[in-house]
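Right, one structure below, let's go through it.
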Amino acid sequence: MTRRDSIILNHFKEQTVNTDIVWHQSAVARQQRERQNRHRSFILWFTGLSGAGKSTLANRVEELLFQNGCRTYVLDGDNVRHGLCRDLGFSPDERRENIRRVGETAKLFMDAGVIVLTAFISPFSEDRDMVRALVESGDFIEVYCNTPLHVCERRDTKGLYRRARRGEIADFTGISSPYQAPLSPDLEVPTGRRGLEECAAMVVGFLAERGKVPAFGGLAANAVSVGDRQSNHAEMSS
């Protein structure tokens, strides 16, 4: 049994579903929605340390995709804790539940034909694999926003790292709780040393090359051109 198979098995063992509850298949299939939208639906999962640029990059990529006629939505780590996950803290178990809820929500969006961009630290590799296991192969694209810890601390506009180092915040990723970087992400973006537009162009180019979205024409090239004119160290703070 592979590690991924083990994660899938353990995930479903943990779930208890009332036998009276039956899944009702939609009259409109996901494939029909994709044909109408003229693009595939999938989950684009941005992971990285706090301050690595996940939210900033996810929102810029969404903007580019939307301008190219794609149906998109961003699920942001801070935003979901205002509602869907407002009852959760940051212990390992609560982080896992946070990611489970987001994964299930993202799957629903994907079934509706939407490209779902998620921006979450999601520090534990097993939790990310759990979400990958929810969907078919190729529907979960892991994007590692690779920014060194010292750069993230320098970008820390909220002062969270300073508070964590003083012991004021428990279970803070990178300081008092580990971040397990992806060993084989689908795409690694050097958000610590490249500008926003260049990083965004890397992502949309990756998607277009793999047939996930329509060819961008000059849009992706224009994004790279803009990025080249900007500082490669443009701040991506979240």
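Cβ atoms here come from the backbone N, Cα and C positions, even for glycine.
Per TrEMBL, these features apply:
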type     : residues                                               : note
DOMAIN   : 40-189                                                 : domain 'APS kinase'
BINDING  : Gly48, Leu49, Ser50, Gly51, Ala52, Gly53, Lys54, Ser55 : ATP binding site
ACT_SITE : Ser122                                                 : active site, phosphoserine intermediate
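Fewest Cβ neighbours within 10 Å among the binding-site residues Leu49, Ala52: that distinction goes to Leu49. Taking Cβ-Cβ distances under 8 Å and a sequence gap of 6 or more within the same chain, the neighbours of Gly48 (ATP binding site) are Lys54, Ile121, Tyr144, Cys145, Asn146, Thr147, Thr191. In this structure the alpha carbons, written CA, of Gly53 (ATP binding site) and the residue listed as 'active site, phosphoserine intermediate' are 14 Å apart. Ser55 (ATP binding site) sits 13 Å from the residue listed as 'active site, phosphoserine intermediate', counting Cα to Cα. When the binding-site residues Ser50, Ser55 are scored by other C-beta atoms within 10 Å, Ser50 scores highest. For the domain 'APS kinase' (40-189), the number of residues in each DSSP class (helix H, G, I; strand E, B; coil) is 60 helix, 26 strand, 64 coil. Per-residue pLDDT, averaged over the domain 'APS kinase' (40-189), rounds to 95. Cβ neighbour count for Ser122 (active site, phosphoserine intermediate) (all protein chains, 10 Å cutoff from its Cβ): 28. The separation of Ser122 (active site, phosphoserine intermediate) from Gly51 (ATP binding site), Cα to Cα, is 13 Å.
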